[in-house]
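Residues or ranges marked as domain 'Ig-like' by TrEMBL: 2-96, 115-203, 208-293, 299-392, 397-477, 488-581, 584-679, 695-780. Summarising the annotation, TrEMBL assigns domain 'Fibronectin type-III' to 785-881, 886-985.
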Amino acid sequence: MKKIVLQEYQAHVYDEYVIHGNTAVFRCQVPDFMKEFLTVTSWTRDDGLVIVHHKNAGAKYIVLKDGELHIRNAARGDSFKKYRCLIKNILTGSVTPSVSAGQLIVTDPTGSIPPRITSGRPGILIREGENAELPCTAQGYPVPQYIWYRRENNRLMPLIIGDQMMLVNGSLFIERTRAQDSGKYVCTVNNSIGEVRVETELTVYGNLSVSLYPAQLTTESGRSATLNCSVQGYPVHSITWFKDTRHLVTSNRVRLIANQVLHITSVLREDQGMYQCFVYGSLQSIQSAAQIILSEDAPVLKYVFSRQTIQPGERFSLRCVAAGNPIPRVTWSLDSRPIPENHRVQYGDFVSIHAEVVSFVNVSSARSEDGGVYECRAQNEAGSVSHKERVDVLGAPFIRAMNNVTVVDGDSLFYHCPASGYPLPTVTWSKDGRELPFNERQQVNLNGSFFIKDITRETDEGTYICSAINKQKERIQKELHVRVMKKPQINPFAFPKRLAEGNHVIVTCSVLTGDPPITIRWLKDGMTLNKKMLNIDESSMGHLGSALVFNSVGRSHNGNYTCMAENAAGESNFTATMLVNVPPRWRVEPADATAVVGDSVVFDCQAEGYPQPLIRWKKASGESSATRNFKSIISNYHIQTLENGSLSIKDLTEEDRGHYLCEAANGVGADLSTVVRLSVHVAAHFTTPFRVHRVSKGDSLNIQCEAIGENPIKIEWSKDKVVLNSNTDTRYNIKDELTSKGKISALTVSMPDRRDSALFSCTAINAFGKDDTNIQVLVEEVPDPPSEILATDVSSRGVVLSWSVPYTGNSPVTKYVLYWKTASGDSWSSDSKKIEIPGSNTSVPISGLLPMTTYHFKLQAENVIGRSSFGEVITITTDEEVPSEPPTHVEAIALSTHSIRVLWKPPPASGIHGKIRGYYVGHKVRNSQDHLIYKTIEESEFDTTLECTITNLRRATEYNVIVQAFNNRGTGPPSKEIYVKTHENDPPPSPTLRVVSSTSSAVVLGWDISSVDSNPVK
């Protein structure tokens, strides 16, 4: 569980400058201590546009998951718009905008610029199935191109952009990530000037899950056992095994076949327990547990011997059969004593085919001394079971020898007289000639045992006699010697109260009673006392006690001292506590510190003593020793006293410099204190990271940057990241001036021009730090004339003109002015027309033109500074149009009974609309329902006169005649119908001459006349 303290925070967005045509990147800057609790929900523009997360390939705006805003193909129209980020606090759910807005400044390139990466990530971690965003944006001129590769075996393989992968403005988006998408991706950015790369390692992880199975494995001793650690998810960095919360120790018997498989051959009892496999991934570590249990069965007696009465010299055998898991071990005793093995008495066991232990005792020739209570006991790790029964041997009473007994004073004594013989003798006990019991603490049982409680040396130590007598008055007795020992008893001791450091102390541990030899030893806080380390002398008084001599007590002597006295009867102990009051003294004494504004500093102040000193910090309100007044410091986010007594100050300001007092007190002796000085230096820095400065071309350019910090400060100017040297470039004049806060550096250009539209940077350096500020200088001038004017969608009466945005002169184009005239027009001033176009447009439709007419167009751009010169004049000829007027002066003349001639003139020039490619001459019988019959007259058939002859007509018939002109676009309207009638009769044919006769002075001619259509010759 993580403890979180809600703190105030602010988000900031700073100005962003970008080269025209490139992608701009805005970031939402939040404090590091709040980053994991904040997320960017959207961005807003100052005109009300709301931008949310999406990644459409053609989108102008893209918001990444981490909140970055990418603005693609930045144009001059995007300049000077301001953007804010909206952040959501996942702890409180509140959504707040950034306190500052960043302005987008689009600049024109002043030359070729190699690419420079502006957004990239070294590594990205993503959950399987989620969409991954691999940003890659750069700036350069010409606008750079992006190519993505994947690194495979140290080779770069081009990515295939498809359904799963999408390239948006250079950034790579991978949808529905899979494990195989993990790897290293390389974005290559290049233009004609250079190339840069950014490499991103994508790690796709799946939620880890682990199962150790079987969860409970029950097996028998000596068998094999296998545990499998089944893991799902990825990546898996390591698998670690534990047994009973400790790292598993492997061996030839306990080994890992693989990281996920544990195999134990010949399971032992020590292998029982809890096993865990821990799986460690990129973000998770999980575990699963299993238990190995040895299947243990407590012993059971399958067969036992019964009570027997044996004749002297007879052979007898006792047998017990036991079963259990593990196989039990069987032991035998006679009257609670081990059975001595000799030539008459033998015992042993074996394991049957049923895994049962068969144990036996064989006596070859019974004697009276072999009688008694026999017991067989079967025992394994799961438990024990026993069976006892008497075996009587006929004969006189017999008592086995009894070992001496030692009893601790105050304990109880139980003892059984090992008497045998049959019939069973009567057993009695006596001491000092008196038969037991002779007091209330003594008890004698019928089976020959006695019991004494609360033994004391004075009354119970001595010789006890066991007597056995049968009915034949045969009697035997044996002695039992009982010794009563006293364990040590310690006389309570104590340390003096209110001990002070340096006091001399002697503490004695004396033994009031106890049998020697007595061993005395000392413990401190439960551990063996290290007298040498603590400088303690010990004086031994033998078995009477021991004394500790403290020559000079201190804090290290505080603790619990235990005196332990031990002898053969037992041990006793007594514990006393020593408390030494120790005045405070420095463990870590604070020292003066030096830091820089914005840094953090920690004054280590640690004191020791007893009781533990309390640390307090105070700050002086005055600087001189005479006026210092220390006041207690109240902890807050900025300054706080840590648990170990140290003072932490974050985000130092100049107000934090001064004297601080660390005071340690515990109520013992004088308080301990020391004064330290905190020197806070001011690193060279600027208050504004970026600003825009505008100047009109020809005016003087004056820009300055004020560096705040401790002098000496060195200020260096650069232009487009190239250091300026006013000695070599005389256009630039740089002057520095010291101030009470730092230094001001001014740069002057008397006649700025387009070259000075650049990013000027000031870099300030002093002994404590370095900072820079950027000034985007925009030299404003009239724009360049529009270029790349193209005519699109040319028609017969209109045209659409488009052009490229010219250099704007660092001031937005407010409008374009277009002039046009016919090619035949003499003067632009008197014969032209004009139209004004908004500066946001780069195309305009022109209508009202004449078909098949050549026009001249020229264009100007205008901003607040002025109007540009004209660009190149372009010439456009409109398309043809179907003639709009019919041919004129149409007439028809009958040539004969079967033919007519049609004559006409072209349509008026205003109605031709192109080049006449020919005419259609149509005719039909007047008032008939027939369709017109057309004859086509091509352009190649034109002569000086437009005419045609129509033949194969009817005699004396009236015809309608029309004429239509046509060009490449189509046929014009027909002329007005005219009427013509063929002749009733044709003129006769010419006669055929012949010579009838001739003389020298005369000839006689003759001719033949043929009749045509029965028309006589008149």
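Each Cβ is built from the backbone N, Cα and C atoms, and glycine gets one as well.
Scored by C-beta pairs under 8 angstroms, the domain 'Fibronectin type-III' (785-881) has its highest count with 2-96, from the stretches 2-96, 397-477, 488-581, 584-679. Residues in the domain 'Ig-like' (208-293) partition by DSSP class (helix H, G, I; strand E, B; coil) as 3 helix, 57 strand, 26 coil. For the domain 'Ig-like' (584-679), the mean pLDDT of the prediction comes to 88.
Residue counts for the domain 'Fibronectin type-III' (785-881) under DSSP (helix as H, G, I; strand as E, B; rest coil) come to 4 helix, 44 strand, 49 coil.
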